[in-house]
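Below you'll find the structure, written out as structure tokens, and then a few comments.
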There are 4 protein chains.
Amino acid sequence: MAPSKKGILERLDAGEVVIGDGGFVFALEKRGYVKAGPWTPEAAAEHPEAVRQLHREFLRAGANVMQTFTFYASDDKLENRGNKLTFTGAQINEGDALVAGGVCQTPSYLSCKSETEVKAILKKQLDVFTKKNVDFLIAEYFEHVEEAVWAVEVLKETGKPVAASMCIGPEGDMHGVSPAECAVRLVKAGAQIVGVNCHFDPMTCVKAVKMMKEGVEKAGLKAHYMVQPLAYHTPDCNCQGFIDLPEFPFGLEPRILSRWDMHKYAREAFNAGIHFIGGCCGFEPYHIRAVAEELAVERGVLPAASEKHGNWGAGLEMHTKPWVRARARRDYWENLKPASGRPLCPSMSAPDSWGVTKGHKDLVQQKEATSQDQLKQLFDRSKSH
Amino acid sequence: MAPSKKGILERLDAGEVVIGDGGFVFALEKRGYVKAGPWTPEAAAEHPEAVRQLHREFLRAGANVMQTFTFYASDDKLENRGNKLTFTGAQINEGDALVAGGVCQTPSYLSCKSETEVKAILKKQLDVFTKKNVDFLIAEYFEHVEEAVWAVEVLKETGKPVAASMCIGPEGDMHGVSPAECAVRLVKAGAQIVGVNCHFDPMTCVKAVKMMKEGVEKAGLKAHYMVQPLAYHTPDCNCQGFIDLPEFPFGLEPRILSRWDMHKYAREAFNAGIHFIGGCCGFEPYHIRAVAEELAVERGVLPAASEKHGNWGAGLEMHTKPWVRARARRDYWENLKPASGRPLCPSMSAPDSWGVTKGHKDLVQQKEATSQDQLKQLFDRSKSH
Amino acid sequence: MAPSKKGILERLDAGEVVIGDGGFVFALEKRGYVKAGPWTPEAAAEHPEAVRQLHREFLRAGANVMQTFTFYASDDKLENRGNKLTFTGAQINEGDALVAGGVCQTPSYLSCKSETEVKAILKKQLDVFTKKNVDFLIAEYFEHVEEAVWAVEVLKETGKPVAASMCIGPEGDMHGVSPAECAVRLVKAGAQIVGVNCHFDPMTCVKAVKMMKEGVEKAGLKAHYMVQPLAYHTPDCNCQGFIDLPEFPFGLEPRILSRWDMHKYAREAFNAGIHFIGGCCGFEPYHIRAVAEELAVERGVLPAASEKHGNWGAGLEMHTKPWVRARARRDYWENLKPASGRPLCPSMSAPDSWGVTKGHKDLVQQKEATSQDQLKQLFDRSKSH
Amino acid sequence: MAPSKKGILERLDAGEVVIGDGGFVFALEKRGYVKAGPWTPEAAAEHPEAVRQLHREFLRAGANVMQTFTFYASDDKLENRGNKLTFTGAQINEGDALVAGGVCQTPSYLSCKSETEVKAILKKQLDVFTKKNVDFLIAEYFEHVEEAVWAVEVLKETGKPVAASMCIGPEGDMHGVSPAECAVRLVKAGAQIVGVNCHFDPMTCVKAVKMMKEGVEKAGLKAHYMVQPLAYHTPDCNCQGFIDLPEFPFGLEPRILSRWDMHKYAREAFNAGIHFIGGCCGFEPYHIRAVAEELAVERGVLPAASEKHGNWGAGLEMHTKPWVRARARRDYWENLKPASGRPLCPSMSAPDSWGVTKGHKDLVQQKEATSQDQLKQLFDRSKSH
């Protein structure tokens, strides 16, 4: 790291907008390098050039933060899925971007392991972040505030800035703790930045972070706020988020946000006082570029990738067909209600709701793949729901 | 080229299934390297590593053919859009894949230039293909069979195998020539492979190629068939295809095909006797992988990228949540009707239909970008339609 | 009948627009007087005041023609359904309206009875029409032009004007005879008015009648034209019409046309040169009123029921809420795209298509109700389709 | 009234299910006798046979209660709409049904008239109810609990049983008073039956009444409960209900509930402990019949109109087409997701939300129809919302 690089807290304290990257596992799954289901990050070792290319694209799109590609990289998770991996971390270090080391929820917690055991698992991942000297740490994708607090406590020991991001919506965590209360506990545990990521669409996530902010302010505390939502529309989710939607994870295409949806998201988040704005599953580089373009005035800069993008469709001024040239204007795209081309499909789904969470035997970790017999039972149960 | 590599015609003659790649301009637009509107391929020179990475991903997904990234690279088109480019061509040459040099329709034709002029424009692009010794040539994305025939005549002079692919649907070309008649003319002009690409969704394209096949057979001729459709559902298109849809090109997300849609497409194409099966705009590597997986038995091989993909969702057997594990089965994904998450949007759109085609003054090429005045007039006209 | 009443042909010859009524069986089913399934008209005897009230409402809405409530009243049909009825006919005779006696397709035809047998069945129904001295006759709801021609031949013997209306769409009759050819045969058989009714939505029916008109004119013949479509949107029907839609007959609500849809229908029909414009299943009195209001200028009169209806929503000028008053204008209602309030439902359905028609054993008439065993077999077959 | 007829409270106290009728103004508007906008009940005088026929149909469908057709019949409302009417009341008295006299919210309240003034207006309507000796009284369609309480206080003076029904959803009244609190105040004011009617779909209304019941029980009070919802799906409403939907009142067709939706509603209401179950705007006789059929076992009787209705589609066993016979079963209709046939329409709408309620100048009553100038201003405002 160049010593002159401004840290995440300096930037946020100065009122800067910091733009995050998008979710790597979903983007690399579509490119053929990550397996849906286990979602483990072995691509970093197996196909580093593919991972680097995606980093490059998000940076070019305007991202200021590069998260290490270490989702689900805790030892218990990797082992759980039949991998024993020895690598990790950020393979890229370009320009002015901050590198953030990330940890996320552990199978051990869902299996009711003790605080000591869970913290030990989380701690193991810190070594490499310390060695690589990442700029700050993110505890993200926690469904239970109890485990998120433990993670913050572990991360704080490094002395680096700590962000804590839960995968919850306005209904709160899986034990029913409200976003406001979650945020207060995380700030009290030492997180300087709090927010939500994954599981819900941008507007739902912004709503949840607003509730966090109100809670923190009501408690007389101070924090910065972050949001890294899905790039999928999820108005029909219940409290567990998009995982419960019948389309997860292989039928989500019709829900993908357009770049114009991203403009609305970026504006809404900024107006809510959230200054660390990024993405999660479903985000492609052009989605991050749209966030950066919406906030170009506030940030004083357009991203590099905007050389290949006309503002609000302006590039269409050069299209061959006159009726397409007529779409080269903001109000056209801002008001478009895009059709799905799927007249036999509904617009919303009824999510699965098995009512199973931490401690339930179905969630206890097992090293073996689910057996055919176990799967048969699951299929039968899924039909009775 | 290794002398041992089997050519496109040898493969098709032997009854092999040949898998094409996906459309580069749309994929690279999302990655930040191509500008929507002009859609010109300067990324090949500006960001060769990004183009190479995409080539690599399509190959890994199972593609046997790499098309040179030369869409809209005729001199008149490039000049039209304010670029004067000196480069072109395929920057990649990996494994067993065939390299195909492509030419497409020219602005000159729409501006009513003569056969001589249009042929001269097309011919210019051949030099580089000859120099690079591509394996075969494709004349693709032609809306008018007259120009497509000219292109075939030009390409034939190289002595290489020639494929001809029009961007038409079952209603035929922009002058109302039926797919059957188009195919007959192209075969008579010397094309060994005929088919359609772009402009319509897979099922519509397969239907059009079936009509071509019937026409060719009825005429007592012989040919191979190819199809490279959009990865967007377009049941609501008129004869000009997806360009007329109000969502083109920045609001197409809800129309993106899922991998399961691709399985149906691959099977339908194969059953129709089409053996060169690929993709165009909207295709991502995982879409091509789905085509390759559906035809794995017929081809005797799974693509490399299938190491990261469980058959019909099998990877979900290892998912943390039991109700997601219950989705690890073919009938679940085969029957899913995915929701859009967009309850305020319709499922179909009314396409623009200005009734403007070759020879209309609105389509005559101009070197300058459309002026603000011209745009204003277009906006007003678009409202009256 | 008062001698001064102008006949149907006089009116049409004079260029008048004649407005039909709506379908009685569906309207009376909703009111509790007709049983869906058999659809037989015993209400005329059991609850004459309810039938009379509906006649009154359609007249008040602008209808010029009252069809006798004798749908499916042929002896073979009634017997088929376990009823042996001794009554029939029109119980109302008000004002200037014409009374039309109707016959429709017979189970005997589908069971492959001979021309002689079918004609005998049809003839039996004529006695009562002759006795009651109806103003003209309609042979309607025929799926096969062969049987429709037989019906016209029978009706012609009365000397009264004969209209012939088939329940077909643009794809033609169940044997694939085109609307144009059907119309020609019917006119040659002696029908003075030809058209279509039931089975499809208004725009589809108008399209089919246009094809009839072109056929008749091409053949150098002359006729008047009629259309009496469904009040349900059916863009997803196959050639057999709405009966094949999964929603038939108890889930059709979301498809019901609004009054504004009826304005478009009336205009389209009139512009196509169709001057006998009415309705069939799903039409309520306010739908007929909308037809009459759209053509008020052409007809020179508003219907009586318009005293309770402001033109294009004008009645809302007196609404309590200002934002509802703001809807008191034509362009609001003309452009409204009404939502279904059903986000879990699709916008189109895949129709049943068992490929069964005349002569198939499943269609042969039987006197007994379908047995439980037969039903079980049907349910199993329906799942495999 | 025969002295032997059991009163409403006796029935509810005995645990009987009492079925209400449907909304008269909407049903009669479709039949041509009521004008949308003013919605005043002059049809009772002008076309008594049409009103009587509808009463008869609801009774035949299973209704135990006939509400007098006196919606919006307060003097200030009638005058407001340019009518000065001298009639009112129930013109029918058949069998065992109870007759309920109804009053509803007054324009005077919205114009901020005093309690004395509003009560005087309400009181005036009581005279006729007393003279006709109705069985009980309903204060219904109140948006503000304050006015509803005044109405209950007025009605109590008659000594007859009083039901109080507000047109609110789970968000409470227009001043934000919760359903629970509204119910408590109404019970304290003397209402023996409380509930909601109109404005929302059945499931939403049941939810609101459940909240009322919880509130009443928590307060240690006792009451009976009623629900008379719309027959329109309204998942997209805000707190003001369906009036704010852009489809109100002339584009609601796609939202109409099917009979099967009514089965679910009746069961849900019954399970929630609501025993006075009826309908409001949009209900047709067959909707009430479906409620009565769902609760046939609990009530020990099928309605008369069920002679024309096979249980769960059983009447289709006699349909001509075998694939329609295959629909003669409960699970078919219970699981059907009916399509709208409107692929260009969305499934949900964004409601108007002008934020205008009691006391706002836009709501102050005026005797004149809105002028063209005022309308112009409204149109312009509606575009800016």
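Cβ from N, Cα, C; glycine included.
What TrEMBL records for C:6-295 is domain 'Hcy-binding'.
Just so you know, the Cβ of C:CYS281 (Zn(2+) binding site) picks up 25 other Cβ atoms within 10 Å once every protein chain is counted. TrEMBL lists C:CYS198, C:CYS280, C:CYS281 with the feature Zn(2+) binding site.
Annotated region 'Disordered' per TrEMBL: C:366-385, in sequence order.
Of the listed binding-site residues, namely C:CYS198, C:CYS280, the sparsest CB environment within 10 A is found at C:CYS198.
DSSP assigns C:CYS280 (Zn(2+) binding site) to coil, not to a helix or a strand. Excluding C:CYS198, C:CYS280, C:CYS281, which define the Zn(2+) site, the same chain contributes C:GLY23, C:PHE26, C:TYR141, C:CYS167, C:ASN197, C:HIS199, C:GLN228, C:PRO229, C:LEU230, C:GLY279, C:GLY282, C:PHE283 within 8 Å (Cβ to the Cβ centroid), listed in sequence order. The average pLDDT computed over the domain 'Hcy-binding' (C:6-295) stands at 92.
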